[in-house]
Amino acid sequence: MPRLFLAVPLPNQIKTRLASKIGGLQKSLSNWNINWVAPENLHITLVFFGWVKAEQVEDLKAEVSAAVSGFSPFEVTAGKLSLKGRPLWLEIGPGRDELQMIAENLSKKLTLKGSLEEERGFHPHLTLGRVKKRGRTKLPAVPETFSWKANRIVLYESRFVHKQRIYEEVWSIGRPKKRPSNPPN
């Protein structure tokens, strides 16, 4: 039985920039106990489903396709560092309304409901880590923003392999940004 969630992925160049920023945060928050998200796992969660029966996955894909059929690429910007309970995250500025609209549409149309969405509501964000214990250092400001075009929605499987969390793409809708082709010689 796979453990699944639906998310907006980040382009590799944004993950690389964020990896550098996370490295700086690790130094400035060295007296905090934080489980940092590996840069390759960075994403914006839309719905966390948890454990899903294998026979439900195809129906889930069909429902997601129907729920996001009008999805068009849009600009997303993450920037302000926030701490809400345990998660340490970057707030979403531009793109927030689009993400909320997609999440609301998914919530209305999916028969397999994601956990916690009704209890807490959807708050678009980019999780950088989970705080186990706060230190004395104040949260630093993040002086830069991270912007990209959200052009895909991905169904991921979350697995624990060799004491590390990995997210494997199961299925996606939308289109990845085309890479420039090399001109013929």
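Glycine too: its Cβ is placed from the backbone N, Cα and C atoms.
Record note: among 1-4, 109-112, 125-128, 125-128 is the stretch given as motif 'HXTX 2' by TrEMBL. Which of 43-46, 63-66, 71-74, 171-174 counts as motif 'HXTX 1' depends on TrEMBL, and there it is 43-46. Summarising the environment of His125 (active site, proton acceptor), the number of other Cβ atoms within 10 Å of its Cβ, over all protein chains shown, is 20.
The number of other CB atoms found within 10 A of the CB of His43 (active site, proton donor), across every protein chain shown, is 19.
Counting only the Cα atoms, the space from His125 (active site, proton acceptor) to His43 (active site, proton donor) is about 9 angstrom.
DSSP gives His43 (active site, proton donor) a strand state.
Mean pLDDT for the motif 'HXTX 1' (43-46) in the predicted structure: 96.
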